[in-house]
Amino acid sequence: MKDIGAAQETRMANAIRALAMDAVEKAKSGHPGMPMGMADVATVLFNRFLTVDPSAPKWPDRDRFVLSAGHGSMLLYAIHHLLGYADMDMDQIRSFRQLGARTAGHPEYGHAEGIEVTTGPLGQGIATAVGMALAERMKNARYGDDLVDHFTYVIAGDGCLMEGISHEAIDMGGHLGLGRLIVLWDDNRITIDGDSGISTSTDQKAPFAASGWHVLACDGHAPEEIAAAIEAARRDPRPSMIACRTVIGYGAPNKQGGHDVHGAPLGAAEIAAARERLGWDHPPFEIPADLYEAWGRIAARGADARAAWETRLQASPLRAAFETAEAADTSALPPAIAAYKARLSAEAPKVATRKASEMALGVVNEALPFAVGGSADLTGSNLTRSKGMVSVAPGAFAGSYIHYGIREHGMAAAMNGIALHGGLRPYGGTFMAFADYCRPSIRLSALMGVPVTYVMTHDSIGLGEDGPTHQPVEHLASLRAIPNLAVIRPADAVETAEAWEIAMTATSTPTLLVLSRQNLPTVRTEHRDENLTARGAYLLRDPGERQVTLIATGSELELALAAADLLAAEGIAAAVVSAPCFELFAAQPADYRATVLGRAPRVGCEAALRQGWDLFLGPQDGFVGMTGFGASAPAPALYQHFNITAEAIVKSAKERI
């Protein structure tokens, strides 16, 4: 593990400090304090323990490194440069925080090789890492130690541990006994406002211990103490937290230990003083050859480990299944869904779309054995568990269903981690009203382009008596506002099946399924192999020369169809458009959109706010929906009370003809 002397290891750490100082100074912005404070911990971790191969950055059995304290991004960029990642040359370091550079202010997944997750919103990294560590154990249970046997390491700061999401993650990681998860806490006792004591008195080690973690402490500037703590953590069957007592901005003689060094350049004079204090006499952005060689040995060790793993993979009888899962090969799903849709159109079941989702999951999970489901303690309501799914439990990771507990935010972040890890395809459910508890992680799913599926049930006043605390009103508009998120609100069992096909075959877009509690009739009774939901919106009823176009989503589509019948009885030709996914419709060619929407006046209908309907409706068009919060009553009474009815659609249509 350790193959160089202590003095050289210190110089390796000082190379990180120098690059962090210089890059932040050149950018005139950034966070030098954390990289300088945690350089010793990170150097020991990479030099003696962590296994990665920069020449094969996606190697499945690499160790995962998550910089939860993402503001300290120069720590990660400096390490990747020193390790020899091909896309992290010195020009990238010089271009820190500049437009078009891979070295963004906070690490962004996909911008550079080896960045495992986008971090920056504090706490997201540690919670995502729980998902990664869980994925490692689940895959290990499927494929064995020869193919899956690695650690997930996290560097987290005080801010990460103060954020509420970290408590959900700590609880979940400890409960499941994720022994391959090691959190290195940057215990510098500094926040942006000052000493951490001005805002917290918590012994940060205590919550970890209470949740079943193995808790250690070390001097974060004493390499042998750091190494001993990591070694002990690796041996323990529990997840581990190591409190690394550090000095923020270590090496800057006049600023270290203070909050001013957290998020601002040191300045030329302080950098010169730091160079003298550290014994670093090299010009800015210059690393001596022997240090490149020392860091290169780490990369070479990783390459050897990867080559040995490749040999084991070639000889493994599980190779085909492993490679199919790693490639996320979903080719078996579309034909299975097409055949299933034909049965649905013939049988025309009247079921809630949450029930239709459960039915579709029977097809999905049979076609895709690497799909893994779960719910935030609402399995019986979300209906996210299909027949035959086995629960994941502490020490028993061979199953495919995860009980996330009442931890919506932690669930969403963990699903990001499972998806980022690779080899598994996660989905998880909660009530639509609680999407707000998941929102920061949903936003990161979209920002990273990670194909996670969020199952949101009880989608409107249609849930009835639970009342306005549980009735989504503004949620559809706010979720549709997130770029690169496909929000799909299907109207029947056929559209629900199509929505699942879209979600599970997506490669760079998360999907959020919006599902009803109340039963809905099948409106797609004529089978089409084509996935019409993938169009975003389509003509469900075309009367030819239309006088008005009625547009609806989800449970309100049956109201639009009823309104069209009422209008037809009066000799008024109304087209009906089903619009399950605004984002997919916006991506269609302009001529298709024009054909679907037509030139006649339009009326939209959705049991939610009108906000976000500009794609379909102009100021002159009508909308039948909600204008405020809901109420507690049976669903039919609520639809009447809030005037979301076929008659209201007819009235709005006639006013515009």
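Placement of Cβ uses the backbone N, Cα and C atoms for every residue, glycine included.
A quick note: this is a predicted structure, and the numbers were derived from the prediction, not measured.
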Listed in Swiss-Prot for the Mg(2+) site shared with Asn188, Ile190, one of Asp149, Asp158, Asp219: Asp158
Rounded inter-Cα distance in Å - Gly159 (thiamine diphosphate binding site), Ile190 (Mg(2+) binding site): 9
Those recorded positions listed as Asp158, Glu408, Asp466, and which of them has the most Cβ atoms within 10 Å of its own Cβ: Glu408
By Cα-Cα distance, the member of recorded positions Asp158, His262, Ser381, Glu408, His458 nearest His71 (thiamine diphosphate binding site): His262
Between Asp466 (substrate binding site) and Phe434 (thiamine diphosphate binding site), the C-alpha gap once rounded to whole angstrom: 13
Closest of Leu122, Phe434, His458 to Ile190 (Mg(2+) binding site), Cα positions, binding-site residues only: Leu122
Residues close to Mg(2+) site centre defined by Asp158, Asn188, Ile190, Cβ within 8 Å: Gly157, Asp186, Asp187, Arg189, Thr191, Ser196, Thr246, Ile248, His262
